[in-house]
Each structure stands twice: as structure tokens, then as C-alpha cells.
Amino acid sequence: MFLMKDIVRDGDPVLRQQAEKVSFPLSDEDRKLAHDLMEYLEVSQDPELCEKYGLRAGVGLAAPQVGVSKMMASVMVPAEDENEEPVFKDVIINPVIVSNSVQRGALTEGEGCLSVDKDIPGYVPRAARITLEYTDVDGKDHHLRLKNYPAIVCQHEIDHLHGTLFYDHIDKENPFSKTDDEVFIY
Ligand code: NB4
Ligand code: NI
């Protein structure tokens with residue numbers, strides 16, 4: 001199981017590398033990585049376990065964040081009502097954003113990253129909607145449209161696979177500037 005000590009921090013070159021494509025069928029090692037990436041999210045989103053293991057809660061975790069430069073990330077976006085099924089939950093492998101909406105969106109609260117210890121305030125403008133293609137752990141291909149919160153989370157994770165960190169997108173002169181065609185996402 002991954003703990004905070006396993007999470008690579010900003011400054012480590014692995015976070016700035018282009019990750020390698022994953023080949024199928026998955027090796028046992030890659031299958032375990034996929035499992036462990038999702039396990040981190042599940043454990044971190046349980047308030048008791050999160051506290052017990054001293055984790056920072058997460059809705060996504062990309063392989064480079066645990067020092068593995070491969071195109072794999074876990075995403076678990078819970079429903080507002082915690083008794084409902086998650087809005088989106090999967091390990092996305094070799095993900096590609098095949099189209100972006102013209103409309104932009106940013107999380108109201110800005111973004112944080114498990115690999116970035118300090119708070120960096122500012123809006124992180126992204127596409128409000130994306131069309132995503134990826135392969136799951138069973139080798140099944142997926143093609144789907146995501147909007148708002150799950151779309152933002154997937155963009156944050158896919159950025160990690162290309163060596164980009166959220167603050168790269170923040171306007172340095174005016175971190176809270178907002179364009180007309182930009183919506184807030186909660
Ligand atoms: C990835 C996210 C940063 C912005 C928005 C949010 C949290 C992360 C980073 C977009 C993607 C991790 C991966 C949260 C969180 C809401 C849901 C469910 C119950 C607590 C949890 C808290 F923890 N970001 N952390 N940051 N990253 N929402 N929530 N809640 O997930 O660095 O690359 O458990
Ligand atoms: Ni991150």
C-alpha cells in the first residue's frame with residue numbers, strides 16, 4: 001500500500017518526464033501498480049483510514065507520483081451523496097484526450113497536488129468537457145465524454161503523464177483572472 005513517504009515530491013525529475021506507454025496484456029507488475037494506485041484513493045477517501053495512515057485525501061493519483069514513469073493513473077470521483085456509486089472510478093491506462101470543449105472551466109477552490117507540498121493559489125483553467133479514450137486493466141478500450149469535476153480530475157492526472165503540474169497553468173501575473181468563457185466547477 002502506498003503511503004505519503006512513497007509519493008514523489010516536486011523537484012524530482014520523474015514528475016517532469018513524458019511517461020512511457022503501457023503494453024497489454026498487463027505484466028503482473030503493472031497490474032499491481034494499477035491496484036495500488038486505486039487502493040490509495042479508496043483508503044484516502046475513508047476519513048478513518050486516511051487519518052490512521054496519515055494520508056492526504058485524493059481523487060486521483062498518477063504513476064509518476066509514485067516514481068513510475070508509465071501512462072497510468074487512478075481516478076475516483078465520489079458522488080455528492082456518499083451512499084451513491086462514484087461518478088467516475090477507474091484506472092486509466094494510455095489515456096488520450098481526443099477532444100476538448102471550447103468552454104473553459106476551473107475549480108473554484110483552485111487545485112492541490114499530492115506531489116506539491118505548498119499551497120499555490122490561483123485558478124487552473126482547463127477544458128470544461130473532454131472526450132477521453134483509455135484502456136482499463138482488463139485491456140478493454142473506453143471512449144467517453146466527461147464534464148465538469150471528473151473532466152478536471154482526468155486532465156490533472158493526464159498532465160502528470162506528460163510532465164505538467166497544475167501550477168504551470170496558473171497565470172503568474174494575475175492568478176485569479178478569469179476569461180468570459182470560463183465557468184466555475186465545484
Ligand atoms: C488531484 C486533484 C486536484 C485537482 C479536488 C479535490 C483533492 C487530489 C489531487 C483536480 C484533481 C491528487 C493527483 C481532494 C478532494 C473531494 C472528495 C471525498 C472524500 C476526501 C475527498 C476530498 F482530496 N482534490 N485532493 N487532491 N493528485 N477534492 N476531495 N472527497 O486529489 O495530485 O495527481 O474524501
Ligand atoms: Ni497531482
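Just so you know, glycine gets a Cβ as well, placed from its N, Cα and C.
The structure displayed is predicted, hence computed values, not measured ones.
Feature annotations, reproduced from TrEMBL:
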{"type": "BINDING", "residues": "Cys113, His156, His160", "note": "Fe cation binding site"}
{"type": "ACT_SITE", "residues": "Glu157", "note": "active site"}
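Non-local contacts of the residue listed as 'active site' by the CB criterion (under 8 A, 6+ apart in sequence, same chain) comprise Gly60, Leu61, Ala62, Ala73, Val75, Ile92, Pro95. Shown in sequence order, Gly60, Glu111, Cys113, Val124, Arg126, Phe166 are the residues of the chain, 6+ apart in sequence, with a C-beta less than 8 angstroms from the C-beta of His156 (Fe cation binding site).
Here His160 (Fe cation binding site) comes close to Leu15, Ala19, Ala62, Pro64, Gln65, Ala73: these same-chain residues lie at least six apart in sequence, with C-beta atoms under 8 angstroms from its C-beta.
For the recorded Fe cation site, residues Cys113, His156, His160 set the reference point as the centre of their Cβ atoms, and the other residues of that chain within 8 Å of it by Cβ are Gly60, Ala62, Gln65, Glu111, Leu114, Ser115, Glu157, Asp159, Leu165, Phe166.
In three-state terms derived from DSSP, His156 (Fe cation binding site) belongs to a helical segment. Around the Cβ of Cys113 (Fe cation binding site), 22 further Cβ atoms fall within 10 Å across all displayed protein chains.
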